[in-house]
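Now, the feature entries from Swiss-Prot:
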type	residues	note
TRANSMEM	19-39	transmembrane segment
TRANSMEM	56-76	transmembrane segment
TRANSMEM	92-112	transmembrane segment
TRANSMEM	116-136	transmembrane segment
TRANSMEM	178-198	transmembrane segment
TRANSMEM	206-226	transmembrane segment
TRANSMEM	236-256	transmembrane segment
């Protein structure tokens, strides 16, 4: 089958004169805005001023993008050392979620301290929003035909009862691939539903955020095993190492904070 015979989606959404606007950026931006809406709405319900999350996003998103790119470049340094002009080129992908998460957490801690609010309260409120943004953001990878898995057949993809536009987009340079972006996106959407339900359980403060870290990490660990473009450190897939680490750290934090009496307040308490 010729590549030209398989209709595919253009990664460029619109052309503004000489400047292409990529779907990747539009999708990432959509995830940020929907996440902000969700966090702002819940924040107001819990007594957080509306502009708090707006201000946080305006600071955290650029820093998260910077950290996500730095993280990616560090583990792909062999390529970028030879192509330094490409280090700042993020129009077609190259943002590592774990790097972005590190940047967002650092920013959140400093922001909360400056505003005189509990970081854990902000983190709990933001947890479903972050996961929603990640679920939506994976569709940017879909448009870029990246973050896919190993080779499969068209029959395999049809057996998953996927719509043609997904199957066709997974046809890259003459080969069909696992739509790992979809697996992770669906896992994340399920996680959003779980976190929204757990809000009503009134967990101890901070534990909704740790639940997010555990949920995301478990899914990412298994999906990462299918991918062909993993960032590597020797024989290890960095994302899998990070995922295991986040699960362990989250469980330790939950136990230690409870034993030390640092998790006495509940999610719904002001």
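Heads up, the Cβ atoms here are built off N, Cα and C, so glycines get one too.
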Residues of the parent chain within Cβ reach of the transmembrane segment (56-76), under 8 Å, 6 or more residues beyond its termini: 32, 36, 87-88, 90, 94-104, 106-108, 111, 122, 126, 231-233, 238
Beyond the flanks of the transmembrane segment (178-198) by 6 or more, those residues with Cβ under 8 Å of it: 127-128, 131-132, 134-136, 138-139, 141-142, 147-150, 152, 157, 162, 166, 170, 208, 211-212, 215-216, 219-220, 223, 226-227
